[in-house]
Amino acid sequence: LPEEWGAPLVLLYLLGLRALVHISHRQLLMQPSAAGPYDFSASRARAYLDNITAIWPRTVGSPENEVLTVNYLLEQIEAIERETTDAHKISVDIQRPTGSFSIDFLGGFTSYYANITNVVVKLEPRNGAQHAVLSNCHFDSVPNTPGASDDAVSCAVMLEILNTLSKSSEPLQHAVIFLFNGAEENILQASHGFITQHEWAKSIRAFINLEAAGVGGKELVFQTGPENPWLVQAYVVAAKHPFASVVAQEIFQSGVIPADTDFRIYRDFGNVPGIDLAFIENGYIYHTKYDTSDRILTDSIQRAGDNILAVLKYLATSDKLAKSFEYRHGNVVFFDVLGLFVLAYPARVGTIVNYITAAIAFLYLSKKVLQAKTRGIDNLKKLFTAFGLTLLSWLCTLVAVLMVAVFVSVIGRSLSWYTHFYVSVFLYGTAAAAKLILVHTLIKKFFYKNMNKQYLGDTFFDASLMIWSIALAVFTQMGLCSAYICTLWIAFPLLAKLMIHREFSQKGATIKFVMIYMLGMFVPYLYMLYISWTVFEMFTPIMGRSGSEILPDVVLAGFIVVFTVILSSYFINFIYLVKSTKTTLVTLSAVFVVTLILVCSGIFFPYSSDAANPKPKRVFLQHTSRRFHDLAGNLVKSDSGIWINGFDYNGISHITPHAPEINDTIRTPCEEQAPFCGLPWILPVHFMFRLVKNWYLPAPEMIPRRPIHFKVLSKDQMSSNSMRLSFEVTGPSHMSLYVRPRDGSALATWSLGDGVPVASAGGDYFVFYSRGLQATPWRFWVELRVPEEHPDGIVSLAIAAHYFFGEDQKSPQLSALLESFPNWTFSSGWSCTYDLFVF
């Protein structure tokens, strides 16, 4: 092949596939409006959404969340109930549970909640129903945000589904329970209170959880089960506009994404199987003030409503729901094809298909190696040599590109692509492609001198096929359902290879070869671009809220290298077929060098305040007053300041020009003798942040009008080496308790969770507390095993009170600092106190 054919042909091919993926993603949102009175109406759902988000922020414990939003929901439910047909019966219950549980999320911690709010609605046949399917949303929001997508839109969709189902004259076979839970952002508390305490919970056989990791767009099924493949089949059969991926499920459940949903609670504490859906588009403004209802397209609401209504209706009329325990065993492989339909089949069938595909590939390779009996060993050596060189080229590419990413991070230009994603492609994508081509060009020039180009092309095709076959066998053995991707990358290229004629000397043979080859690669390449779109759509925004420990450029560069390697795996052989790669290398290198220079110059600012498409920097500020007491109860140290945390690797380096008082002289110190460094973490996310990228700006003491009250109720000697301390706390709606046993002591049990203390990352113990309105004082005890002599005490215990709303939320100093921040930031601020005691 002449060089002028190679690179342009591959580029045009990939751009064409990329255009198809873009069209498919856009088309998925262009859904028809409701057609009749018993169809889902996005316009009515939008009205619900606008009214819910008009009440904000809906922080747990605030009147907005506990009274105003609850009253609005009850008003709408009562209006729906008045128009319900005789085929149905609606029951409503307001639940205000109190409870506690431990969870291994964020390194592990314990949660305690008191008098939080759930609005529960049961729609059932007039004569009642023994079994039920649950639909779950949450109406609370994180502090200082409207929470339109997370999760008001889901509650609006559920209200409209309730309205639609209740007006139908067709009776349901099973009940549908709608849970509007009021404390999900407090790490899944309200769902725990419902599934472990509510009387209706015992009838639930399956659930659908509606969540968000972005603002609008398509709702992705990213978790199912555990096991219970019949639920996936229900979605496949019923959903009108399917969008599902077992790849997303295995990524999410691996823990690499710092998030969790109520799905975990229903699975782990209720032993109920379910489906987890989430909006994933535009995660840049997730959990920010920009998460407003006007940014959610009506088409997106219609699409979600059509899907969820159809699936709920299917489950509520299914015989399998009542006998779900009979269908619970086995996992399922599922994925949508460009959003047109979903393929789903049992994992055991996938295992058989995978092993058969791998066996066929190895049989093909064996036949090729042994076709010339006298040269069998020589052919085998050449195949393994090409296999090793291909892996070496991938490793060299990864190392080279990661070095560029580390360099960009070190010079302070991290996240240059955050607002302009194409920058990452021009920087890391071109570097990866150029390095890959360069390595193989050098191999061709110096290692394979004067060898037949067609033979080399065949050999490296076979090497790529061998790599995919080994990967398929390994992933299948590991039990990964995502191994089906490897099957695609073996079956279609191998089929194309078998269709290609061996001789290309006749006129037009080159064109024929290229056409058949490209056609054979069409399905795996199109699907991989479709998958990569979804992965980058989810992961790129996450890099802006992943903490200061992770180098986002290294993560994104790694992803780009992986996808470059995958997409190049069957084009490597083109390097050996073309006459020269000089023009391609020069072009790629030029694009890389120019982009690198522009990145180093700082021309690509990471953040954006664009009204239509903001991509803000996240900063959290806490005006903190700290007091440290010794064993005798004496105050030994106190200070006050505004503790500042940037939520990405850049810290607040871009903000300091706007707030010069924040500089290197006020780095946050770690109080080594105190749990969690003596800092008022609202959640145990300390492992995500470097203290060198925290700032503690001195400020006047913050004196809340409603201060925390902490007292010791009793100290009881339980045995010769065991001591129980009992406490009572009253304070704001959100508090954090930090516990560290002193040297020689150990925390044996406590009154929280299931009684078994769960340590957080680093060894200290963290308890997250929240309450609704009119909660009683929080009482708890801790029991420690203690040594005979303990002159320095047995435990350090600290309590932080967080004021997220009301008159104590922001001091004048905090408000002034927040106002000085540029408009491309989302700065969330509140006041808190911190008290450390030794007992």
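Quick reminder: no glycine exception, Cβ is built from N, Cα and C everywhere.
Annotations in TrEMBL come from automatic prediction, not curation.
The annotation signal peptide is assigned in TrEMBL to 1-26.
The annotation domain 'Peptidase M28' is assigned in TrEMBL to 118-311.
Tertiary neighbourhood of the transmembrane segment (352-370): same-chain residues 376, 379-380, 383, 462, 465-466, 468-469, 472-473, 475-476, 483-484, 486-487, 490-491, 494, selected by CB-CB distance under 8 Å and a gap of 6+ residues from either end. Residues or ranges marked as transmembrane segment in TrEMBL: 352-370 (among others).
The transmembrane segment annotation in TrEMBL covers 391-415 (among others).
Marked as transmembrane segment by TrEMBL: 421-443 (among others). Long-range contacts of the transmembrane segment (421-443) within the same chain, counting only residues at least 6 positions beyond its ends with a Cβ under 8 Å from a Cβ of the stretch, are 389, 392-394, 396-397, 400-401, 404-405, 408, 460, 536, 540, 556-557, 560-561, 564-565, 568, 572, 575-576, 581, 584-585, 588-589, 591-592, 595-596, 599, 604.
What TrEMBL lists as transmembrane segment is 455-476 (among others). Remote same-chain residues near the transmembrane segment (455-476) are listed as 350-351, 354-355, 357-358, 361-362, 364-365, 368, 382-383, 386-387, 389-391, 440, 444, 448, 482-483, 486-487, 489-490, 493-494, 497, 569-570, 572-577 (criterion: CB distance under 8 Å, separation of at least six residues from the stretch ends).
If one looks beyond the transmembrane segment (482-501) by at least 6 residues along the same chain, the residues whose Cβ comes under 8 Å of a Cβ in the stretch are 246-247, 250, 333, 335, 350, 353-354, 357-358, 360-361, 364, 461, 464-465, 468-469, 471-472, 475-476, 509, 512-513, 516-517, 519-524, 527-528, 531, 566, 569-570. The feature transmembrane segment is assigned by TrEMBL to 482-501 (among others).
Residues or ranges marked as transmembrane segment by TrEMBL: 513-536 (among others).
Among the features that TrEMBL reports, transmembrane segment is placed at 556-578 (among others). The list of residues near the transmembrane segment (556-578) in space but at least 6 beyond its ends in sequence, with Cβ under 8 angstroms from a Cβ of it, reads 1-3, 5-6, 10, 14, 390, 393-394, 397-398, 401-402, 404-405, 417, 424-425, 428-429, 432-433, 436-437, 440-441, 444, 448, 453-454, 456-461, 464, 467-468, 489, 493, 521, 525, 528-529, 532, 535-536, 539-540, 543.
Feature annotation from TrEMBL assigns transmembrane segment to 585-607 (among others).
Positions annotated as domain 'Endoplasmic reticulum metallopeptidase 1-like C-terminal' by TrEMBL: 614-837.
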